[in-house]
Structures are given as C-alpha cells and as structure tokens.
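Undergrad: Sharing a structure below in structure tokens format, with a few things to ask.
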C-alpha cells in the first residue's frame, strides 16, 4: 500500500508558463486508465485565461505591464508633439499628417502589438462591442498597417486616447492587487482614484486634441493648450486663448458635454460613498493602533445617555486623556450621537465604526487585538432581556476568540447567564447589584445613593456656590472615592506598620481625614473590608481608603495656626459646620492640613462629658484605640450560635422564636454562579402553599398580612416577575449577621405567579411570602400590608423598559408611585427607574418653590460640566429613587480601579470573604449626643466594637416647628415671598426660642440658615410683585389649606372604606403622618470635627462576626452604639 502511494505522481501545476505553451506531458507513459479533469483548461485559449486572468498574481503583473505601456504611449505622443514642426504643410494637411521619426515609429509599433492580450478575455464578438477594445483597435491597427505600407508612417493616429486604456488598466490592476494580497481596500479609495483618473483623462484628451487641431489654426503649444483647458474647465474663461477653426471648437463642445455628464456621476458616487462611510465609520489604522492606546466599546445600540456617561467617566481620570475610544455598533449612528461626536473635544478622540463584533472583519477594523480593553454593554431597553444577554455572550465569545489577550469588561443583565462569561476579566450583573442595593436600602437608608456617589468620579465642586449649607457639605463630600496604595509607599499609612487595622484607620482619619476601609495581602487576591482589630498591618499590604483624591495627588503641609484662631474656631458649634481642614481641589491636587495630634492643655477647649449621675452610669470617657489588639479580650465565634444578638438574657418567647431558625448556607440556588452566603434558615422548608400570603391553606388560615401578627414591619417588593435576581434581594436581608429579632417579613407583590424553581429557593428562608397582584390595585396593596410596612420597593418592570419615546419608559412606574405617595404619605417608597433624568418627577409637587430652586441648581451644575448634576434632587439624595444605569460607571471605573467591583460586591453582601466585614448602620439618639463630633464617634467605635464609620445619613426639616401659629406655617408652605414680607422681629425671636427648646443641642442659628434658604429659593423661583393684593393672597392661601386638608381627608376615607370592605382593621392606618417636608442627604467620610446631630444614621463597616466577637459586645445594648436594628425594633411595633 505504501509503494502504490509512493508511485502516485504529483498534481500537474497548471499555472506555470511552461505548461501554458507545451501542455501537460506527465501522463503519457502511464499504463493506468486516467481521468482528466478540467479538460476545458487544456486549450490554448483557456491557458491564456488561466495565466492572464484567473491567476491573480500573474494577472496583476500582466496588468501592471499593460498599464505601463499605455503610459509610455502617452509619453511618446508628447515627445512626438514636442519634436514636430506644425508650420510645414498647408490647409488641413497639418491635421492629417505629422512628422514621426523612424525610432519613434518603431517604439510605437512594438507596444501596439499587445492586442493579443484581448484574445484571452472570452468571446471575441463580446469584446468588439466594448469601448476599450475599440480604442485598442483605433490605436493598434493603423500602426500594424504602416508596417506593410510605409507611406502611411506619418499618418496622424490619436495615440493620446491610450490614457483611457491606462485608466481602465489601473482599475483592473487595483482589483487584482486586492485579490492578490487578500485584502479589501476601502470603496472610498477606489472611487476617489476613479474620479481623479477620469478628470486627468478628460484634461489630457482635451489638451492633446486642441493642440493637434490648432496645428491648422493658432499653432498652440502643449502649454498653451493646458492653459486653455484649465481656464475653460474651471469656468473662468479669460478669452485670451481661443480655438480658431471649427474642428477644435467642436472638440471643445464635445469635451464640455462629456465632462458635464461624466464628472457629476463620479461626484455623486463619491458623495454617496462618503455618506455611507460617515454612517458606518472608517477604519482605525494599524499604525495608530500600535502607536496609540485605544479601547473598544461594543454595544447593540448606542444612546446619547450611554455614550455621555461612558465618555465623562472614562476621561475623568487624568491618565486616560491620551486614550482613544473606538465604538463598534451594528446600527447607524443617530442624529444626537452624530452631533455630540462632532464636538471638537470628542471628535478627536472618539471613532465610530458601524459593524458587528461577531465579524472578524469588523473586529480587525477596530484593531481589537491591539486594544487596551474591550467594554461589552447590554441593551437594557430590550423587551426580551434574556435575548439581549445572549447577544452579549456571543459578542464576548467572538472578542475572546479574535483577541485572547484583550481584557474584557462585560455587562450582563440576568444572573443565570453569568457563568457563560466567567472568562471575562470583569463582569457586572445588573440584576444582582440592583436587588442587593434595594435590599440594603431597607436596612441602611440611601445605600443606593452612597454606592452611586462612591463609583462616580467627582472633584467635590458641586454645590459650592450655593448658599445652602447642606448642599455645600453634601456636594463636597460627594467627591470622596475609593483609592488604593501600598502601605510602605504611603504617607497616610506607613507609620502604622505592625499596628492593628482599627488603630491605623482611626489615626489616619484623625490626622489626614482619610478613611481606611480595607486591605489586601500581597499573597492573597481577596480584599478584606475592616478585618478588625486583630489584623496587623504589614508593609506589603495594599490599603484601600476613601478620600477626596488619591494620595499621589495630595500635598501635605503642617497646620501652623495661632491658639487664638483655634479657640475662635472651637467656639463655633453650629449644627452644619464645615470641615476645618483645608481641601483645595485644583488641577487634581488636594492640599491637606494635618490636624494637631499632640496633647492639649487642660485650659484649652475640650468636649464636655456628661456626669455619671445624669447619664445613669454611662462611661464618661472614650477608651483609646489599642495599637495591637489584646488577644484576651477577643474570643472565637461559634458558627451555630447567634452572636449577633445583643440581648444577654432573652425571654422565653424570644428563645422559642430563635429556635425556629438555624444558620447555614441555602440548600438551593436558583442559578449557577451565585455566591454562597451564610444565612438564617428554617429547619424545614415551608410548603409552597404557605408561601402564598393572601390565601389560606391546610397549614394556616391567614389571608392578609395583618392576620399574621408580625412583630416587625414589612418590606414589600413590587415586581413584574420573580426573576432569579430577586433571590439577591432576600439573601442580604437574611444574612447571618442580622439579628434574628430584627428580621423584617418580606412580601413579594408579583404581577405574574412565580415558578417552582424560584419557590424552591425561597422556601428555606424565614418570613418570606409572595402575593400575586399589582401596585395599580389598591386592594392588593392593602392585602399585602402596605399600611404597616416599613419600606415599599418598586422595581422597574421589564415590559415597560421599552417605549417609542425613550424617556417615557418610566411613565407608568412614576404615576403609580405618585399615587402611593399621595395615599400613604408616611410610607418609605424606594423606586427603581430606567432613566436617571426621570427622577425629578418622583414625589412631584408643581408649586413647591424649594423644588423649583433645586431644579435650577441642577441646570447650573449641568452647565458647569458636572457628572452628578442630579445629585441635589431630594428623592435621590434621600435614597428614595435609584436607576441601575447610574451603576454603569462601576464597570467603566474598573478599568482604572480593578478592585471597585470586588469592594462594591462586599459592601452589598453579594460576596462574603472570610474575615471581611459587612455594611450596616446605627442611629444617633439623644443619649449619644455627648460624643458631639464625628472624630470622637470614630474613636468610640474603633475602641469598643471595631466598627469603621464611612459616612452619615442626615435628615433635616424643611418646615417650621409645630410650636408656631398655624397661620405662619401656612404662609411659608404656600408663599415664600409672603413669609418674607409679613414676618416681624418678634415672631423671629419667638421662633428661635421655640426651636431651641425643641432640640437637645445648641441650634440657635438654625432659623437664620433657614431664612437664607428661603431667600435663596425665592431668588431662583419665579418672582411676583410683593405688595400687590396682600389680603387676596391670604384668602387664597386659606382656601388652599382647606382644599389640601379636604383632599387628604378624602384620600384617607377612600383607603379606610376599602380596608373595611376587605375586612381589614383600620387601626394601623395613619393618614395624617406626613414626611414630605424633610430633606435627607449623605456625607461620605466627613471631616473629623463634623458635629453629630439627632437622628443621624452612621454607615458602618462591621467586622466579620464569624471571625471573633469582642467581649464588650453585650454591653452595647446600654451604650451609644445602638444598632439600626434595635432602633427598628423600637419603632416597628404594631
């Protein structure tokens, strides 16, 4: 068998020149029966085709040779014209006969013998009708005739027409070149080449024709003929050179007509290709890709909001200013995006390519293999979000296949699709983050706003021109972000090597104003948030901290102040005091004044501590934070015991309730890729029939939330479907570190019944129920317990995310939430929207002057180029509204900060790392106001429980105290101008005294600040005449108050009647409890001397209770550090 194979001769090479002439002789001596294929290629004509046409490389060489001959013929014609003497002859003879030397004639005859080339191009009769063949005949046949008839050697032959044959050869040569090198050049290049060659051929033909015909007239030279043609074709027409005889005039007319027909067609095709190129974009050249840095953004459809969010966040980092952004999108660029990309700031750095990431050709256009990163974003506005994820997965696979070394940053919508893109470097699952953030909003208020501000790049300049004190502090603190640095290279933390983590965090905040929140060992990839006092800082640790800017952009200067200045600053104890240390944000550099950490004299200003008798035995001092944790004060936590409980001796009821739950990992996960979390679970799973809240079964007969008699208030989630992402809403609320007695019942109000897989996942969690209904229906809301719910979470519906007008996708959600807001004014509603711009419609009040003033402030901030112009909207600042698109910046920021996704997942409880802490909160009560400042609170937390505070959630009142006359309150609520004009000095004094008596701290200047706020609101709002019709205005205000009261009473009667009709008790419905006139905001990492106020909620990162629990934990029940859960127990009793 091997011998037979070795005797098989090689295949005949059909493309060699030897075979073209001799044929194939290799099969003559073979005795075997042979079957010859492609017999039609054995003829001489077919061999010509193979060599001259089908073989790209030989065809390219032949066409290049032919092109050179045509150019040579035109050059020889010019030489003949220059050597000719037009004065010889008479009448028409100079047009018919020319002087052609014998060598010149010989050269022209030789190159015209290539007419055989056309014999290889197919049927000869088809070639006769083609213009190139006719031109070849006109130029070649006369020269061949002159060989046999020498008398005709001086006959004029229009050789200059070979320029058109050269143009035709050039086009064919370019096509063969593309085929030979296996590349497709831009159609724009081909069209430009054709246009230029056509124009040159027209001009050259006209020059040579006019010059030859004018031999019998003006005897024009070639230069004169060139001058005449340029002047004529440019429509200038000086008239100094004109044709004299009718043949030349006729030629000019013909050439002008040809130009008017041919050139517009060429220009039209060029313009069409230019427009198409503008739509599809060009190419990012290989040279640019190798010399410049660029990233590729792959999207299915590009909206203006998505583009601006990406560009603003990406280019907010100084080291990314030299990067280029290549957008690869399969759809045509819309008008808004085109206008933005024409702005010089973006046109030089953003390149739009219309193409698909699934095509290697388009990926090659974007130079994906040379890109620094590839961002693949999903289209969240699609009706079918699963289909959108499938497209994202295919794009990620295609990019990974084409450019394996290109870092991938992928956004996915559904958590069940996450495991398909595990290979990506960074993945953000929208529904995971969304539901976890909404869940934490119910425990730690405004967590969504906290995370949004942390992942947005800002310099803290927003609101600094506002007269409102809260806007200045809120805007300044919003500039805090998470940064990282190596400990041994840090000025902030280098001195704390070998010290405990809590010691380093407290002293770094006290001295530099930075908040150390986490570390990472050099040999470990896991980030630990607040590893606790037992963690010892090492020189190779990576420190993660919150600050206005990173340390590399900071300049340090020791604060050299006089004692008098210090004393004068210490005498000011306003409730909204600005930070003392100077943070000057200019050109990315922050100058930080180091606080004096030395011992102060006893005569200096000190914090007044409460006496032991007045505080019921409270410890009057704050213990120092230990450099190294005392191991004797730490004990190991038992995983099965409830170390998170604060009670020392629980009652029998509490013991029996706690025995129903166990701690462990959920036995069933609804999707692949969910991070296992230690949770409170039931010993046995609940039957599916018992999960239905509004229908009784054989196990219980309850048909509404009131009948269950829950001890804690409800958390209601209104969603369209029970998707797998909803599982991430339940897990953080049932995490092991949440005390059992503080677990709130969770009710899922679903438009569609859940499937069995989802019920299998939630039936192990305690106090989780579902109900089929909608927030459109008042009866469904009342049955699910909205009247005694702590929080109502409204999730954006997938079916409404797509609309003909993009921003109308939130219309139904906004109107439904506004109805809830009017019916249940005391209910805390947390809403998710598709578009962040629509948050201004949440809890909308058209005649509220303060809201109108905030609207104008937002416009001013947007004009200044702020990325967070919407941050001053009261619903967003208070954490009552959230849009998942605001978290897109998390993926963009991870290009510079690769740790941001991990830190965010740890804060939200999506990931649990052994030894890493968790986010929680505590509330400042009257018993805690003796601590007075944020720095002392920091010290108290670090020394007692090891908690690290990262911010404050503060609530202020927008209305006057209840001790004022009703007439004055109505004046302020209706008309700011009227309040300013009718308020006298005596009322101001009474107001101040009443306000001072109603608070536990010194807030004597608060009315003054409120007066300035009202003045500012009046200036920015619509101005009206102050002194026109005061009496009429008062009467209209009284009528408006009566109308408002009647409307509210009417709504209350409606709700009560529906409750009675459903057989529900109306005892829990408080129709007059109104929290509309308050504003809340977040202070991230406030300065150490920020004063604490009553009802402040402090965000804490608490150490992992599974690692250890301090012995001092049981005493916290009577100390200042009451957790937010304890406060919830006191407030949520039904």
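The count begins at 1 with the first shown residue.
Note that Cβ sites are derived from N, Cα and C of the backbone, with glycine treated the same way.
Pulled these from TrEMBL:
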{"type": "COMPBIAS", "residues": "959-974", "note": "compositional bias 'Polar residues'"}
{"type": "COMPBIAS", "residues": "990-1002", "note": "compositional bias 'Polar residues'"}
{"type": "DOMAIN", "residues": "292-428", "note": "domain 'RCK N-terminal'"}
{"type": "DOMAIN", "residues": "712-852", "note": "domain 'RCK N-terminal'"}
{"type": "REGION", "residues": "599-620", "note": "region 'Disordered'"}
{"type": "REGION", "residues": "959-1009", "note": "region 'Disordered'"}
{"type": "TRANSMEM", "residues": "64-82", "note": "transmembrane segment"}
{"type": "TRANSMEM", "residues": "192-213", "note": "transmembrane segment"}
{"type": "TRANSMEM", "residues": "225-243", "note": "transmembrane segment"}
{"type": "TRANSMEM", "residues": "250-275", "note": "transmembrane segment"}
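In terms of burial and nearby residues, how do these features look in this structure?
TA: Counting residues of the domain 'RCK N-terminal' (292-428) by DSSP class, helix then strand then coil, yields 59 helix, 28 strand, 50 coil.
Listed by sequence, the residues of this chain that lie at least six past the ends of the transmembrane segment (64-82) yet keep a Cβ under 8 A from its Cβ atoms are 98-100, 104, 107-108, 111-112, 114, 117, 139, 159-160, 162-163, 165-166, 169-170, 173, 204, 208, 211-212, 222.
Cβ atoms under 8 Å from those of the transmembrane segment (192-213) belong to residues 74, 77, 81, 95, 156, 158, 160-161, 163-164, 166-167, 170-171, 174, 220-222, 224-226, 228-230, 232-233, 243, 245, 247-248, 251-252, 255, 258-259, 262-263, 266-267, 270 of the same chain, restricted to positions at least 6 beyond its ends.
Long-range neighbours of the transmembrane segment (225-243) within the same chain, counting only residues 6 or more positions beyond its ends whose Cβ lies under 8 Å from a Cβ of the stretch, are 202-203, 206-208, 210-211, 213-214, 217-218, 249, 251-252, 256, 259.
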Undergrad: What residues in the same chain, six or more past the boundaries of the transmembrane segment (250-275), come closer than 8 Å to it by Cβ-Cβ distance?
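TA: Beyond its ends, the transmembrane segment (250-275) has Cβ neighbours at 187-188, 191-192, 194-195, 198-199, 202, 205-206, 209-210, 213, 232-233, 243.
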